[in-house]
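Chemist: Quick one: the structure is below, questions incoming.
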Amino acid sequence: MKALLDLFKQVQQNEQFDAIKIGLASPEKIRSWSYGEVKKPETINYRTFKPERDGLFCAKIFGPIKDYECLCGKYKRLKHRGVICEKCGVEVTLAKVRRERMGHIELASPTAHIWFLKSLPSRLGMVLDMTLRDIERVLYFEAYVVTDPGMTPLKKCQIMSEDDYAAKYEEFGDDFTAFMGAEGIRELLRAIDIDRDAEMLRQELKDSKSEAKIKKYAKRLKVLEAFQRSGIKPDWMIMEVLPVLPPELRPLVPLDGGRFATSDLNDLYRRVINRNNRLKRLMELRAPEIITRNEKRMLQEAVDSLLDNGRRGKAMTGANKRPLKSLAEMIKGKGGRFRQNLLGKRVDYSGRSVIVVGPQLKLHQCGLPKLMALELFKPFIFNKLELMGLATTIKAAKKLVEIQEPVVWDILEDVIREHPVMLNRAPTLHRLGIQAFEPVLIEGKAIQLHPLVCAAFNADFDGDQMAVHVPLSIEAQMEARTLMLASNNILFPSNGEPSIVPSQDIVLGLYYASREAINAKGEGMMFPDVSEVIRAYDNKMVELATRITVRITEYPKNVETGEFEKTVTRYETTVGRAILSEILPKGLPFSVLNRALKKKEISRLINLSFRKCGLRATVVFADQLLQSGFRLATRAGISICVDDMLVPKQKVDIIATAESEVKQIEQQYSSGLVTAGERYNKVVDIWGKAGDDVGKAMMDQLKVEDVTKRDGTKTTQESFNAIYMMADSGARGSAAQIRQLAGMRGLMAKPDGSIIETPITANFREGLNVLQYFISTHGARKGLADTALKTANSGYLTRRLVDVTQDLVVIEDDCGTSNGASMKALVEGGEVIEALRDRILGRVAANDIVNPETQATLYAAGTLLDEDMVEEIERLGIDEVKVRTPLTCDTRFGLCAQCYGRDLGRGTLVNAGEAVGVVAAQSIGEPGTQLTMRTFHIGGAASRAAVASSVEAKSNGTVRFTATMRYVTNGKGGQIVISRSGEVLITDDHGRERERHKVPYGATLIVKDGMVIKAGTALATWDPLTRPIITEYTGTVKFENVEEGSTVARQIDEVTGLSTLVVIDAKRRGSVTKTVRPQVKLLNEQGEEVKIAGTEHAVTIGFQVGALITVKDGQQVTVGEVLARIPTESQKTRDITGGLPRVAELFEARSPKDAGMLAEVTGTVAFGKETKGKQRLEITDMDGNKHEFLITKDKQVLVHDGQVVNKGEMIVDGPADPQDILRLLGIEALARYIVDEVQDVYRLQGVKINDKHIEVIVRQMLRRVQVVDAGDANYIVGEQVERSELLDENDRVIALGKIPATYENVLLGITKASLSTDSFISAASFQETTRVLTEAAIMGKKDGLRGLKENVIVGRLIPAGTGLAFHRARKEKDSWEAEERAALLQSEKAARAAEAEAQFADVSSTPDSDTDAS
């Protein structure tokens, strides 16, 4: 009976664990795992194919080859189960025990484990406090180490060469002991008293003053504490016993032709055994020291390469000169155990085929080829056949299916009814890459896909393939049906917009049907209802675009009753729109359809329908839109021809003008007014503008056509040109593409990204000449090459993002925090890039939102803001709202629903169990891949935004300058801006900010503070191609360090022969002048240096590298005059190529090179004494303390003497360093910086991602903190720990009435954050597997299986979605059972005590009793 139960025991034991612990195995442990010692290197007998006894495949040790059969064949069958054969020693049992039984090798000499030796930092080195170099010399028998100095002056752990040893041995004899090899190291490790050492280190840490020492001690202390806590003995890092992997995991497979394919591990084990046996023999024979020593070294090397081949020295190679694959390689990397087998399992019940379009399907259906369905649903069919009595056995059922009996098809129909299948298209970049559909059986061999889900799958029908998976269990079917059915996933999780938006021909059909034409057939007719309109249209009385009057039935929703009420209204509309009104869902007014339906409009329509009419109505509506679109596109019969590409008449003039302008620039260049770089920039600018003008002229011409009205007068109407309609509707093509067809191709980029200054003036209709064609090929090829490279990059970014966020799940409803982030509309360059409504939609209000006019509470804190609410907020002109954000959520080890807000893929508050981390990672990673794949569509045509050179007001209002704005008035009365962060605001009558414009240094202001202006007024102008250096004082120029040949060079232009002075790069100067900085001082009439007002400092104006000096020594200058110009670099085209690495850089939190410097404190700036190469900047804070900063001289300082700066303000020009922002300005500022920067990259490509996804990633980057002061908590100062863990520990400490630890935030890049997670399983499966496992083993780490990844790896349900509920229920049950058990024990104890007491009462009457009542 027990044996029968053994069959089932496997299943029960794997579900019931809550954590996995990793540690070092002691020799005793290894022996206890083993079923016997492997003594011989033989594998199997090559004649009989039976394993050799005591060899690497020995059946006695590892178990039988065949189920229930011993090796010699004496015992066969189940009845002998458990017998051990007396002849061959094999236990009669299942052959699969060969997958789990381990052996061992007793090593003749101890060997060090290479991971703990070589994995940096070397753990052995840290425990022994020796260098890796020294330990290696000892281990590989190059030196002796003193293990016991005895009474001699030698020190413990001292290293000696052989000659030293011989000399010392002469001197001291046996008074000391020194060893070579792992024995010596083992003795040292055994002698360590960890508790004492740790105590001493703690003392040292307290007393030590030097930074370096503190760092060193803390590191060693950490390792020692790890050993202390885990109870692992350090000498276990040296192995005396080597475990042998079960043979089925390193198989030997016979190939045809008598050869064998073997796993590399067998070779590696063979070497170890051979060397070990040879060493044993040598030791028995008492061979000379030098020989055994060599053999020991070889044994150490053999064990090294078995564990991690190639880690030290040359890798061991097999017969074919290929390095052997060691145990370490089996688990790491893309093909290793983790990523290949545990996270990348293959699935049965699946198939794949080419996809074709299925326009007749409903949204929740897919067409499944009959043969495929038959194969996939085989077990279900067998079951049905047996139930119906058509087959008695499975074998008979199989036969029926194989010959495809007609009854089988009926059963198949029955089986697949309401059994959803999952379709997946690789690459699965976001959760919409796998969706469930109900299968419809079809003939043929291709899967039919619904056209509307193509956008979500990013599928097209040019040969794409898709995979089908069958959910088997009832639970799986239910989840597929409720959570994954395509009709339940109609919104993108990344931005909450509909994913089932019609595209291409559907859009074209709907657009064509909803356009209106002047004087079309039957114009002005009146109809009583829509059916009459349809009749008239079918009888060719009217056209689709005819303008008519018709009565239309609508069903608006009654607010009070919630019912739909029928109303009939007269509308002036077109025939097509009236016909379309038939499919409008109840609750939407006709006015939403009464316009030309472009792609954006249709998207809005579906979104509106979803919000107002619910999911079901929307799905039906989308399907009907699809049908109508296809039908109407077919009826429209739109086609394009060469004559549709109208080349604009103005093209010749525009190009002629541009050419003359270019000539003018060339002349200016040859007369030396502009430099070569400026000339190039200006030429590119002129041609860019010319291209745009041609494009504009072409679109203007395409857009309209002449028509005659009914009364015979001429007028124009929007064009019915086929190409224009396709682009305008959003069906296919864009203005940029039409521009290349009919305008001019424009500027092209070279492969390196720089723009070729001669444009292609021809277009595709006119045709390109050979040179133009050749220039074009650059762009086309670059596109293809980029795609391949960038897809890989984007995939890697997604992988890192998923890894850092995979354990973030919504685990509770509300964490109760009142923190949040203040949201404002995002305004840049005076334009509202993202309105406030879009930023707060779907968030939860953190404070009450108050009506600014009545001061009444509009929405209470904790309200989820929906579309109507944000409309209202915007209407009232509220310009700042504080909302909850994942960044400030107080939930430990997860998030709460209130801080996250709306689940964008569902449109409601997020559910507990939603894996918001993974959704965020996918939302950011998915467009990355899309964009990278999309670069080459414009054909490399340089799309470069024309550089802005002025700024205008967009609205009426009052001008306000910000506090940071500073300007001077020059001799001509112009106001020149001299601050670098100045901004001009326009405010409305209520004083609310309407727009804000950054004004660059050196710009000329046209308006004054407080001026009332109209929209369109210019505010400021500047030269976009150079940055000026301006004087704020009047005086005579006196150059300092401006020496030709050393700090400046005279550039003589080849063409013009004119010269200018250019400051040269310090790197190109001689050593003497490297550190000096060319600058200007000003002298007054008396010849004294002009001082900065109110200080003793002389005015000094430094020149940056590359500056062109425009003044001469001794020249008189006035306020606001330009002293030098710095040309901006020639523009390169930016697409997401610049973008993807930028996103990666932000998420990796890399400090940019040449980062700008932020003020550490609030205070007043002064310049101190300059040192060589650096200038000294002092900030005196409010308490009068001075803070010094040294700044290299080539940097641009943004502040001046006497200026007051705020903490965190830029003082030295350059890109911001996220670490500085976090340190000086806090979490919110950092999050805003990262969110805005990432959004900039995506916005440039027109991709919408909700801010909260980026915030979720930032939360994960900030999840670790550094201990500043440990208090009474169990930490070391400077240690980095998980925030949630530290807060838990602090709670514990506070509860005991002790001092909690204080900490500061740490910003980690996503790779670092992934590797530093608490879960070693997750970290090991990500990157640097060996390092992670080594560290975890020493610390005896316990993985609580909190994240998704760890659970996937150990094969449990993930703790998200339905799995979260499952695990919670299981834990509750466990704790309930534990309580029950405790209660039972308690009652038993009480009963026992009562019994004992009764006994005691009996016994106490007898005087000499010594019974203990226990």
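A Cβ is built for glycine as well, from the same backbone N, Cα and C atoms used for every other residue.
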Chemist: What range among 35-54, 555-574, 1395-1414 does Swiss-Prot describe as region 'Disordered'?
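Modeler: Range annotated as region 'Disordered' by Swiss-Prot: 1395-1414.
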Chemist: Per DSSP, CYS899 (Zn(2+) 2 binding site) is which: helix, strand or coil?
Modeler: helix
Chemist: Radius 10 Å, atoms counted are CB only; among the binding-site residues CYS72, CYS85, which position scores highest?
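Modeler: Of CYS72, CYS85, the one with the most crowded Cβ is CYS85.
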Chemist: So among CYS70, CYS72, CYS85, ASP464, all listed as binding-site residues, which is physically nearest to CYS815 (Zn(2+) 2 binding site)? Use the C-alpha atoms.
Modeler: ASP464
Chemist: Which entry in the list of binding-site residues, ASP460, ASP462, ASP464, has its Cβ near the fewest other Cβ atoms, using 10 Å as the limit?
Modeler: ASP462
Chemist: In three-state terms from DSSP, label CYS85 (Zn(2+) 1 binding site) for me.
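Modeler: DSSP assigns CYS85 (Zn(2+) 1 binding site) to coil.
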Chemist: Between the Cα atoms of CYS889 (Zn(2+) 2 binding site) and ASP460 (Mg(2+) binding site), find the distance and write it as a whole number of Å.
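Modeler: Taking the Cα atoms only, CYS889 (Zn(2+) 2 binding site) lies 41 Å from ASP460 (Mg(2+) binding site).
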Chemist: In whole Å, how far is CYS70 (Zn(2+) 1 binding site) from CYS899 (Zn(2+) 2 binding site) when you measure between their Cα atoms?
Modeler: 64
Chemist: Can you tell me which of the binding-site residues ASP460, ASP462, ASP464, CYS896 is spatially closest to CYS70 (Zn(2+) 1 binding site)? Compare CA atoms only.
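Modeler: Answer for the nearest of the binding-site residues: ASP464.
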Chemist: 10 Å Cβ neighbour count around CYS88 (Zn(2+) 1 binding site)?
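Modeler: Summing over all protein chains shown, CYS88 (Zn(2+) 1 binding site) has 17 other Cβ atoms within 10 Å.
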